[in-house]
Amino acid sequence: MGCLGNSKTEDQRNEEKAQREANKKIEKQLQKDKQVYRATHRLLLLGAGESGKSTIVKQMRILHVNGFNGEGGEEDPQAARSNSDGEKATKVQDIKNNLKEAIETIVAAMSNLVPPVELANPENQFRVDYILSVMNVPDFDFPPEFYEHAKALWEDEGVRACYERSNEYQLIDCAQYFLDKIDVIKQADYVPSDQDLLRCRVLTSGIFETKFQVDKVNFHMFDVGGQRDERRKWIQCFNDVTAIIFVVASSSYNMVIREDNQTNRLQEALNLFKSIWNNRWLRTISVILFLNKQDLLAEKVLAGKSKIEDYFPEFARYTTPEDATPEPGEDPRVTRAKYFIRDEFLRISTASGDGRHYCYPHFTCAVDTENIRRVFNDCRDIIQRMHLRQYELL
């Protein structure tokens, strides 16, 4: 009688069998997901605001995803094309906004600088008045007169003189690039080039993940906001990353950060690097250091208007290391400047290095696709070794 009480119906047996099979499938999928996860190189992009992190991500899309044709995951060519068209339209608006912000910022700064800057041609004052009048207009529709006034002002020597003093106020890096292209951007059929899209500045808020594959190896790159109030979100990304790519705007030695208009940008980057290098949660994660904006650094050094020693007095005593390898045709002043900045970061990493993580510096220009291709190829072996060490396979 007891046996009869424990007997199972056919339906119950079938249900249990189905449950066991479902559990097996779930377990198998979990194992598969774990293998994929362990085989993926996760790279965390860190750095102070406007250092070029998002531009590095754009380069990965150009080099390893599908350019700017959608996000690179669509199997349907029509869907990819539709996504691409939508993205390009959004980017055209972003580029026009960059152009507007650039001319507004420069003409607004003219009267605020000490000493102030005058227009070379006083007859252009009505153009300045127009630009300032549309400064806060929501959903601005970019009428022809906007481009006419912006172009005339950009050709005014007084406006150019104010632009030359842009380290004294907050101006986006791409200002000159887009102001030089007003005649192209104003066209109704304007389609941005890859270089236009690389130069376009949009504030990164939150965390963005880009997935790509190089020689059948999966990479996930996380780009996070660089402004101070974004940094508290970073800690979510720290868990189990293969490496940190720390991006520095090398040309920012004579600029101050947007957040307080006081702290030197390069000093802010050094302080941030130090806090990351010494963070107890990151003591085993190595850092690939991208000393970025080498093109702008070279321009500043050769122009000779802003001397590094005025901001970092120790530069006056610095000599270029014997093992320095300048680019072909590089001016010795540029070589000395870029190695000084490199060594400021290496001083931090060597002062508190305990052999559990390392710093690998590279000189980069994020808007130069070939430069980023070469640098990333150089980094891949390092990343692979970090990954093997992470899972104790090395």
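Just so you know, glycine gets a Cβ as well, placed from its N, Cα and C.
Range annotated as region 'G4 motif' by Swiss-Prot, chosen from 112-119, 184-191, 288-295, 312-319: 288-295. Cross-referencing 219-228, 249-258, 299-308 with Swiss-Prot places the feature region 'G3 motif' at 219-228. When S7, S54, S352 are compared in Swiss-Prot, the phosphoserine annotation sits on S352. Range 364-369 is the one annotated as region 'G5 motif', of 58-63, 142-147, 178-183, 364-369 (source: Swiss-Prot). Listed ranges 28-41, 42-55, 154-167; the one Swiss-Prot annotates as region 'G1 motif' is 42-55. The average pLDDT the prediction assigns to the region 'G5 motif' (364-369) is 97. R201 (ADP-ribosylarginine) falls within neither a helix nor a strand when secondary structure is assigned with DSSP, and so counts as coil.
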